[in-house]
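**Q** According to TrEMBL, the protein carries these features:
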| type | residues | note |
| --- | --- | --- |
| BINDING | A:CYS129, A:ASP131, A:HIS185, A:CYS188 | Zn(2+) binding site |
| COMPBIAS | A:59-78 | compositional bias 'Low complexity' |
| REGION | A:48-78 | region 'Disordered' |
Protein chains: 2
Amino acid sequence: MRTARRISTSINLHLVQQTQRHTRRFALPPLPAFTYRQTHTTAHEKILPSPSEQAFNETHPQTTTTTTSTSPRPKSTSSIMPVNAIDFPELQACLTSNAEWAARVSKDEPHFFEKSAKGQKPFLLWIGCADSRVPESVVLGRKPGEIFVHRNIANQYQAGDDSAQAVLEYAVGFLGVRHVAIVGHTACGGCAAAYMSKPEDAGNKETTTSLARFLQPLIDLRHSLPEGASMDDLIVENVKRGVVDVAKSEVIQKQWAKAAEEGSEPVYVHGWLKDLSTGLIKDLLCSQGPDKA
Amino acid sequence: MRTARRISTSINLHLVQQTQRHTRRFALPPLPAFTYRQTHTTAHEKILPSPSEQAFNETHPQTTTTTTSTSPRPKSTSSIMPVNAIDFPELQACLTSNAEWAARVSKDEPHFFEKSAKGQKPFLLWIGCADSRVPESVVLGRKPGEIFVHRNIANQYQAGDDSAQAVLEYAVGFLGVRHVAIVGHTACGGCAAAYMSKPEDAGNKETTTSLARFLQPLIDLRHSLPEGASMDDLIVENVKRGVVDVAKSEVIQKQWAKAAEEGSEPVYVHGWLKDLSTGLIKDLLCSQGPDKA
């Protein structure tokens, strides 16, 4: 493989200047932690700088007040290619928005981050699609700390998938979430690929890529549907199957048994669908909980 | 296993009433798609109701104007336990916020959802932790459609994990994202578990649960760090290793080769860290891109 390079840029000073501007704009007192370099040396004081960071620090003293990064993305003029976030306007915009968001939160709820750093107590585990159009906390209007999240291709819950199962185990067993929601959405690319597969693709065990392997259960589901089934049928059935499979899982079965024994609250599993054309999430009314004892 | 039950409630009318209230509050014209039942019969008209939904429709004509669900979470008075979203105030609050959010978006940008339903063109793939305190689009202030997302326990990228690799393949190969960011965060529970493991836990191949298997690479990394390494060191090293492993992946190597051949833009891989105590995301300055040709 070809090796890759790292380069240190004037990121720290640039960001300090940015955040100072935002601090003024939001009429907040200066927040020391707003300087990324200070964050590094205070919150993570035990972390030693990497060799490249160390070299950067040595050649760019923190008292310097000028920045050489004036164009949004400096074109490389040497054999060293700049690749860090500050070199790309779209990433710089993300970090700027992040600083603005943090300033707003600190202003509205001064102890929010202090409390947040102490622990989490989410009430919901969201198993959703990786699709960029379904960011759970934005579409449900939730704050950080409320929803534990697993997102993969086509919001699948597969028996052999350690990643999804580990999330379920952690969320239900350690964090004690009250609810698990499998959330599908219209116009899902993974479901579209499965929907357009050929009947002979069902049961294929000779897939060569991770994506093909990960889509295989969805392809099998597609060809198990009655003739004339639409892509939306597949999307809904994928969610409903996920709900059934999560409910059947050892993690949920154990939690239900324990809740029944202790008389404590059981966890519930829900199936939802986001309609991209309206932004609305609909309950598919396929929730599962334990039988009443 | 014990079987689970479904029950139909007065969800549709209740939600219609709720959304009508919000419509008034935001002084918007009535949006037909705000009735969840109508969403079902218009946007998803090809989807046949499930037997339970059909039974519900037959016994609860859409013209009924009363609702029996007056308490936030009706206690079960029969052997049938209500389990759908409407039965839980915390989930009801989510769906209500969702309707409010969708109304705001429609007002601010009338064609947003119409465009959104046609496709996605995210510029960033975020590989982050499932932790509820790191919702990418909230903390970066991004709209739906901008960030493709994979979230798992401790933002890991493992060679044998089809789920993460399928996301990378889809995001880079099909959607053409410009950037991949591996994003860790302080006070990570998965990293804490690995950090507190014993030296003899390294290299364990007899793990019995999905969570233990999924944490094993992190446990191995923990015991490869120099003596005296802190938990923050582990969190940072986990991100940096993720960046290196993603950059080494077949998907990225192929994209770089293609970009060099065609003279098109290569993808870049970044490592970031969210400090929960400030809400700020810091670039760890360990980005990777191809060497300049």
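Glycine is treated like the rest: Cβ placed from N, Cα and C.
All annotation found in TrEMBL is predicted automatically rather than curated by experts.
Could you place these features in context, so I can see how deep they sit and what lies close by?
**A** Look at A:CYS188 (Zn(2+) binding site): DSSP puts it in coil.
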**Q** Provide the number of Cβ atoms within 10 Å of the Cβ of A:ASP131 (Zn(2+) binding site), excluding the reference atom itself.
**A** 27
**Q** Out of the binding-site residues A:CYS129, A:ASP131, A:HIS185, A:CYS188, which are near chain B, with a C-beta less than 8 A away from one of its C-betas?
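**A** Going by the Cβ criterion (under 8 Å to chain B), the qualifying binding-site residues are A:ASP131.
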**Q** Cβ within 8 angstroms of the Cβ centroid of A:CYS129, A:ASP131, A:HIS185, A:CYS188: which residues besides those meet this for the Zn(2+) site?
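**A** Other same-chain residues with Cβ inside the cutoff are A:GLY128, A:ALA130, A:ARG133, A:VAL134, A:ALA154, A:ASN155, A:GLY184, A:THR186, A:ALA187, A:GLY189, A:GLY190, A:CYS191, A:LYS274, A:LEU276.
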**Q** Sort out the sequence-distant neighbours of A:CYS188 (Zn(2+) binding site) for me: same chain, 6+ apart, CB within less than 8 Å of its CB, listed by position.
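**A** In sequence order, the residues whose Cβ lies under 8 Å from that of A:CYS188 (Zn(2+) binding site) (at least 6 apart) are A:CYS129, A:ASP131, A:ALA154, A:ASN155, A:ILE235.
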